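Read through the structure below, which is laid out as structure tokens, and then see the notes.
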Amino acid sequence: LARHLQKEAQSQHNNSEFTEDQKKTIGKIATCLELRSAALQSTQSQDEFKLEDLKKLEPILKNILTYNKEFPFDVQPVPLRKILAPGEEEHLEFEEDDEEGGAGAGSPNSFPARVPGTLLPRLPSEPGMTLLTINIEKIGLKDAGQCIDPYITVSVKDLNGIDLTPVQDTPVALRKEDTYVHFNVDIEIQKHIERLTKGAAIFFEFKHYKPKKRFTSTKCFAFMEMDEIKPGAIVIELYKKPTDFKRKKLQLLTKKPLYLHLHQTLHKE
């Protein structure tokens, strides 16, 4: 919801039904949603942005066209960075990753934090059915140290590129080291393996923030097909964007041996 509100808040004047003031309010609501999301995923005991706070925003959102009072929280809208809904950056004008010559190498601390991940819990087990947990360990990239706020979007698609499960985003990477971006995060696939259609694949889109263009961009992607689902470590190749969910025109990202490192765990009742 934060992303969709932010997208509306950043839309050009002639493409929007909202006034500039209303868009500012929408942007502030998006910020509050991100704060609540961060509070929910924080391991600290104190809730920085409580549910009661979030509830104060409901009447504002419902009456956005007529709301003209002061906003209840001292927050700034977040138009600085464009957070796009999963897969949405593919509809932007296609732009090659130019060698940015270290444009992203500034202090990452000078950028506001991205909304943390949207990971989902493991499904309940069912007799005779198998669930899959994928640990995303790390990804190898020649310019790993220059990626700002890198994260991975995980989706399960059929042969036509249609989603078979909800799309999940990892939190921003733990650390960058040499030619690796480290995640060490578990993804719970939201469907029993036996219920996935023939020819389905699990996609991993590596995304990072581009300060020059002020939006989050897909840098490369990888995918795993059903016959690759087996317990233990697996290393999969990286392909050039845009993400080809139909797997028709695949181009390796580079001739160098760079991979996405995963570890699979199968749970069967």
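Just so it is clear, glycine is given a Cβ too, placed from its N, Cα and C backbone atoms.
Curation does not apply to TrEMBL; its annotations are automatic.
What TrEMBL says about this protein:
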REGION    1-22  region 'Disordered'
COMPBIAS  8-17  compositional bias 'Polar residues'
REGION    91-115  region 'Disordered'
COMPBIAS  91-101  compositional bias 'Acidic residues'
DOMAIN    120-267  domain 'C2 Aida-type'
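According to DSSP, the domain 'C2 Aida-type' (120-267) comprises 9 helix, 75 strand, 64 coil. Mean pLDDT of the predicted structure over the domain 'C2 Aida-type' (120-267): 92.
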